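Database features, via TrEMBL:
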ACT_SITE  ASP143  active site, charge relay system
ACT_SITE  HIS218  active site, charge relay system
ACT_SITE  SER578  active site, charge relay system
DOMAIN    32-109  domain 'Inhibitor I9'
DOMAIN    134-619  domain 'Peptidase S8/S53'
DOMAIN    693-788  domain 'Subtilisin-like protease fibronectin type-III'
SIGNAL    1-28  signal peptide
Amino acid sequence: MASLWSPGIFLAHVLALLLKALPPVILAETNVYIVYMGDKLHDEPELVQESHHELLADIVGSKEAAKESILYSYKHGFSGFAAVLTKSQEKLIADFPGVVGVVRNRIISSHTTRSWDFLQVPQLVDRISTGHSGAGAIIGVMDTGIWPESKSFRDEGMAEVPSRWRGICQEGEGFNRSHCNRKIIGARWYIKGYEAEFGKLNASDGDEFLSPRDAGGHGTHTSSTATGGLVENASFMGLARGLARGGAPSAWLAVYKVCWATGGCAEADVLAAFDDAIFDGVDVLSVSLGSAPPLATYVEDAVAIGSFYAVAKGISVVCSAGNSGPYPQTITNTAPWVVTVAASTIDRAFPTIITLGNNQTIVGQALYTGKNGDTFHPIVYGEEIVADDSDEDSARSCDSGSLNATLARGKVILCFESRSQRSNTIARRTVLDVKGVGLIFAQSPTKDVTLSLDIPCIQVDFAIGTYLLTYMESSRNPVVKFSFTKTVVGQQISPEVAFFSSRGPSSISATVLKVMDLLLEIVIVFAVLAINVFQCLLQPDIAAPGVNILASWSPASSPAIIDNEARPLDFKIESGTSMSCPHISGVVALLKAAHPKWSPAAIKSALITTASIEDEYGQKTVAEGAPHKQADPFDYGGGHVDPDRAMHPGLVFDMDTSDYIRFLCALGYNNSAISLMTRTRTRCKKSTTFLVNLNLPSITIPELKQNLTVSRTVTNVGPITSIYVARVLAPAGTRVTVEPSVLSFDSTRKKIKFKVTFCSMLRIQGRYSFGNLFLEDGFHVVRIPLIVRTVIDDFYAQI
């Protein structure tokens with residue numbers, strides 16, 4: 001095999017020998033690196049793994065040393081490995097032919113009932129077919145594990161484990177094969193990458209389990225949201241009481257524990273889970289985790305890499321958008337092959353009455369079921385009890401260490417949100433530290449209620465906070481008492497985009513290029529600025545309930561303290577895009593069960609084109625913020641999910657792996673890098689328009705200078721004979737035409753390509769504006785968002 005002895009390989013071997021001769025002190029500092037090698041060369045996993053050992057043996061000296069260094073061999077869905085390497089070894093291995101890239105193992109984090117009724121997904125007993133309950137679909141959940149004893153995961157009525165399933169029930173601490181059943185059909189856990197970063201995990205104190213068992217609760221919550229069975233009379237300490245259920249209660253569940261209650265998820269572990277899930281045979285992957293900006297590129301991001309190969313195998317991958325809103329360009333998990341989910345509210349509220357000493361009452365919101373409901377307590381403003389080593393600004397928002405403990409003891413503290421402190425988390429801890437008995441936190445209006453198991457924590461808006469201040473100033477001995485929280489359904493306008501939900505467009509604005517030097521084949525990273533290529537994508541894709549969601553929980557997590565008694569929680573209310581993600585995963589399982597031949601792209605299209613952009617009262621959806629505003633596609637993507645309509649979308653915008661390869665070509669990845677990713681000879685064709693022509697169920701033009709024509713192709717999945725007519729609500733400042741404007745389908749014509757032409761009517765630099773293109777046949781309404789920003793040539797010369 002003469003090709004193995006290229007000048008680059010020869011030099012790499014020479015450098016490897018030199019590295020082995022260096023003193024040990026130079027090689028002392030090691031880290032975990034992920035060596036990504038693209039698609040597999042062999043179908044046999046053992047041969048793929050052996051190739052990893054042989055490659056690394058040339059660097060570390062022997063196969064034995066290579067086996068010891070490697071934490072994971074990725075050998076099922078794609079090729080690569082995670083290994084403990086020195087920086088010099090990492091640089092050397094990056095130069096080897098066959099290596100797409102080498103990236104440092106990063107730690108990412110989780111993005112942390114009534115909601116299914118709100119979505120009008122009918123209960124299991126009312127469903128007209130098994131497909132409407134997700135039967136036949138397998139949902140894999142990557143999270144903190146599972147509490148298998150939860151009632152949500154009982155297997156009564158579940159079908160036998162399918163013969164196509166190749167997963168395992170991996171044993172460990174407090175978890176054995178008996179904990180898997182006809183509901184939880186597989187469970188794995190991954191810790192090598194995590195421990196390589198933080199050292200051996202000590203699970204003896206009960207804070208974690210070295211097994212698939214969930215110590216934190218997050219994974220149990222997301223799993224039961226997606227596919228939990230029916231549990232009657234479920235509640236969080238009496239609140240939100242009712243029937244708890246997942247979106248696809250008849251779907252099977254596979255658990256991949258990649259995150260740890262002690263904090264974080266290692267990307268090396270996440271990639272290993274993707275690799276196993278592809279082998280195991282899941283149909284849907286629910287991934288409620290990610291990293292905050294700055295975002296890694298698609299060949300450096302574990303979720304993007306793993307999901308690419310999962311989607312290539314027909315697995316739909318659903319990801320959370322992140323909790324860094326309401327600020328723009330904070331969205332994560334932006335690869336076009338995944339479904340990225342924003343968080344929205346539902347119509348359930350938790351009003352809590354505050355009674356003042358003058359018998360006046362005001363209403364806030366909380367999750368308060370503890371003691372002291374009939375007792376008045378003195379109330380004081382944080383600014384008036386400043387600690388000696390703090391200042392009034394810090395005390396106003398109850399920053400850490402800002403309050404005088406003597407003056408705060410036994411009192412309710414009123415604090416106000418500040419720019420540096422948006423939530424009441426720190427304020428609540430501060431009040432606890434000084435032995436306060438309650439917190440009233442004035443903040444920007446939001447329906448997201450923060451849970452406090454220690455002291456009453458009542459959220460009010462600024463107007464009520466100011467009213468309280470007026471009362472306190474006019475009273476000689478101001479006091480307040482709290483009534484227990486009530487659960488109210490149907491009395492608040494929803495859905496709205498949650499305050500915390502990360503917003504688009506994507507913040508990625510760099511393209512990675514590989515430049516091949518004649519001798520060293522050095523990998524060089526170029527930052528390519530001001531082309532906005534990633535902003536041609538709709539981000540996020542869809543919104544789903546993610547605020548105050550009741551679901552199963554791990555009793556091993558922090559217990560509730562009620563009347564000085566610790567009580568473990570079986571159900572808990574949580575908020576985050578981590579909660580909205582499994583809602584979509586459940587809906588995707590329903591679609592998979594009903595339409596098993598649909599591709600991941602077709603399912604994503606069905607979600608987006610049928611989504612709603614109005615609330616329950618027919619008004620345009622609002623996005624929470626400071627201030628609130630009318631929501632747009634950067635807030636909710638296509639809109640709020642409508643599971644019923646998604647089941648019958650009429651038309652879909654379909655794509656396959658070849659489209660995603662051309663997408664990567666358009667971003668600037670070269671032929672050799674993409675050929676390694678796909679193990680097919682790829683020659684990228686230079687195209688300045690492919691990104692806007694990517695067959696997404698949306699059209700985003702970040703730089704409209706004059707006129708631009710883009711194309712889309714739709715596939716008919718409705719009645720064989722159908723006629724759709726185009727209707728346009730153009731973005732402000734543009735004129736939009738569709739050709740042809742009438743699409744006629746029959747038994748021989750199932751796909752039709754059409755063109756959309758945008759003409760700028762502005763003569764000044766514009767901001768993003770939004771519109772919609774509708775394709776209607778009298779029954780189906782297929783809607784895709786239009787997003788345009790006008791950019792004038794030589795703009796500054798015209799000023």
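One is the number of the first residue shown, and numbering goes on along the chain from there.
From the backbone N, Cα and C atoms, a Cβ is placed for every residue, glycine too.
When pLDDT values are averaged over the domain 'Peptidase S8/S53' (134-619), the model yields 89. Applying DSSP to the domain 'Subtilisin-like protease fibronectin type-III' (693-788) sorts its residues as follows: 1 helix, 61 strand, 34 coil.
DSSP states for the domain 'Inhibitor I9' (32-109), grouped as helix (H, G, I), strand (E, B) and coil, give 31 helix, 24 strand, 23 coil.
If you take the C-beta of ASP143 (active site, charge relay system) and look for same-chain residues 6 or more apart in sequence within under 8 angstroms, you find SER110, ASP214, HIS218, GLY219, THR222, SER223, VAL255, TYR256, LYS257, VAL258, CYS259, SER286, SER288, LEU289. Cβ neighbour density within 10 Å is lowest for HIS218 among the active-site residues HIS218, SER578.
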